[in-house]
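Since the structure comes first, as structure tokens, the remarks are kept for the end.
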Amino acid sequence: MPVWLELILRVLVVVGAFLTLPLIVGQAEHKVMAHMQGRLGPMYAGAFHGWAQLVADGVKFVQKEDITPRAADRQVFRLAPVVALLPYLAVLLVIPLGPHGLVAQPLDVGLFFVLAVVGIGVIAVLMAAWSSANKYSLLGGLRAAAQLLGYELPFVLSAASVAMAAGTLSLSGIVEAWRPWWLLWQLPAMLIFFIAGLAEIRRPPFDMPIADSELVFGYLTEYTGLRFAFFLLAEYVGIVVIAALTTVLFLGGWKGPFDDQVGWLWTLLKMFAVAFVVIWLRVAYPRLREDQLQRLCWLVLVPLALLQLVLTAAVKVAL
Amino acid sequence: MTAADVLLAALGAVALGAGLLVVTTRHVVRAGLWLVVTLGAVAGLYLVLSAELLAWVQVLLYVGAVVVLLLFAVMLTRAPIGASDDLDRVRWPGALIGAGAGAGLVALFADAFHWSRVGLPAPGTAEAIGGAVFRTWVLPFELVSVLLLAALVGAIVVSRPDISAGPRSDSRPDPRGR
């Protein structure tokens with residue numbers, strides 16, 4: 001296969017994953033929440049088990065008028081949803097799906113790239129918050145920025161722990177080095193990474209920035225129609241990315257029975273299992289208050305992540 | 001001209017243009033956003049020069065943290081939407097110093113290298129940089145760490161009036177003599 005054809009093929013596959021995986025997660029969220037909370041609404045559209053609910057949502061978003069507030073900074077306001085979405089697309093490029101280089105773009109410093117690019121999302125939030133010319137938006141944006149800056153630390157530290165254990169920053173390399181007993185060794189890091197990841201994508205119980213009972217809808221208050229749908233899509237891609245990263249870093253990625261043939265299936269299965277937990281947590285837990293949220297980060301997660309680093313180093317030296 | 005040359009020139013132009021906009025725009029927050037573009041373009045320059053790790057460090061630290069802190073601070077204080085006409089810039093001294101430093105650097109590099117070609121060094125992989133930092137340059141690295149730690153402790157002391165040194169105004173009651 002010529003190089004350019006392979007390149008185009010890889011990019012197309014990633015764009016395809018980018019367009020389908022978040023929708024599957026979105027549909028799963030509708031169904032899971034409907035069953036867990038006894039919601040009747042999402043069970044009607046399209047007759048059988050409400051399969052067309054997501055389609056109906058899409059049609060609704062497209063129909064709505066695209067409003068830009070008069071006092072808003074138009075260009076920044078319109079650019080923000082795109083900036084929110086693009087980093088996640090870039091992250092999907094380097095996540096390995098299976099063995100033997102089944103990854104769109106193998107990167108020597110893959111883990112570092114992911115951590116760096118996910119951090120850009122904050123800028124989109126600040127852009128949306130400020131350019132809306134709305135005090136609730138601005139308050140939500142400042143909350144989001146404080147939350148993201150804080151949780152970036154345990155996020156990076158716990159990822160560093162597993163990179164230390166594997167002795168590489170390459171995501172494929174980490175999966176190669178992974179052994180089942182790491183589940184125990186890296187358990188604290190996994191929990192910290194997952195919780196900090198939830199906070200990074202601002203999912204409940206960490207949705208203080210868009211707390212609808214006090215801030216209307218935080219930095220998304222002024223967004224309507226497709227632009228709002230873009231932010232929503234960014235949230236679902238965020239779930240996919242966090243689930244995929246948890247899988248690759250801590251759950252052994254494609255490792256499993258017959259992984260030579262169906263490694264990609266293991267990755268996807270583990271990913272959707274983690275995504276299911278993300279949805280489950282939204283249903284199960286109330287929102288954390290702002291002070292509780294910061295307290296959890298700085299007084300619990302950061303010290304624990306540092307302890308995990310010490311543990312990782314100790315075991316690594318002892319081995 | 002190779003593709004890398006074209007990319008370098010284009011990214012350089014983006015960095016320069018966005019940098020100019022940072023200092024000339026009258027919109028305070030937009031200046032910060034242009035700074036994001038500038039720093040991103042510089043990260044792109046690193047990438048073209050095959051300093052992969054450095055490029056992502058640039059994105060993680062400067063785009064993801066420094067600019068965010070900057071925007072955060074601006075939005076907490078005063079961030080009007082639209083142009084602010086009351087910005088006080090030191091126009092001429094600023095332009096003079098900026099242009100002078102730029103011209104000086106250009107002259108320096110032109111004089112040092114003329115038109116000689118320098119091959120790219122080995123790619124700046126994580127392994128190479130890690131080896132350099134923790135083997136060859138470990139002492140300076142530790143010194144910088146201690147300096148940063150001191151700065152951190154200093155920042156905490158300065159920002160917390162209850163533990164700062166110096167003459168107390170003694171709002172605290174004396175424990176013995178009531």
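The backbone N, Cα and C atoms fix where each Cβ goes, glycine too.
Residues annotated as transmembrane segment in TrEMBL: A:7-26 (among others). Sequence-distant contacts of the transmembrane segment (A:7-26), counting only residues of its own chain at least 6 positions beyond either end whose CB sits under 8 Å from a CB of the stretch, comprise 1, 54, 57, 88-89, 92-93, 104-105, 232-233, 236-237, 239-240, 272, 275, 279.
TrEMBL lists A:76-97 (among others) with the feature transmembrane segment.
What TrEMBL records for A:109-130 (among others) is transmembrane segment.
What TrEMBL records for A:151-175 (among others) is transmembrane segment.
Counting only same-chain residues 6+ beyond the ends of the transmembrane segment (A:181-199), those with a CB under 8 A from a CB of the stretch are 147-148, 150-152, 154-155, 157-159, 161-162, 165, 205-206, 242, 245-246, 249-252, 274, 277-278, 281, 293, 296-297, 301, 304-305, 307-308, 311-312, 315. What TrEMBL records for A:181-199 (among others) is transmembrane segment.
Sequence-distant contacts of the transmembrane segment (A:228-251), counting only residues of its own chain at least 6 positions beyond either end whose CB sits under 8 Å from a CB of the stretch, comprise 18, 21-23, 25-26, 29, 58, 61, 64, 81-82, 84-85, 88-89, 91-92, 95-96, 111, 114, 118, 121, 124, 128, 159, 162, 171, 174-175, 182-183, 186, 189-190, 193-194, 197-198, 200-203, 220, 267, 270-272, 274-275, 278-279. Positions annotated as transmembrane segment by TrEMBL: A:228-251 (among others).
Annotation source TrEMBL lists transmembrane segment at A:263-284 (among others).
Taken from TrEMBL, the feature transmembrane segment applies to A:296-315 (among others). With a cut-off of 8 Å between Cβ atoms, the residues of this chain six or more beyond the transmembrane segment (A:296-315) that come close are 147, 150-151, 153-154, 157-158, 160-162, 164-165, 185-186, 188-189, 192, 195-196, 199, 288.
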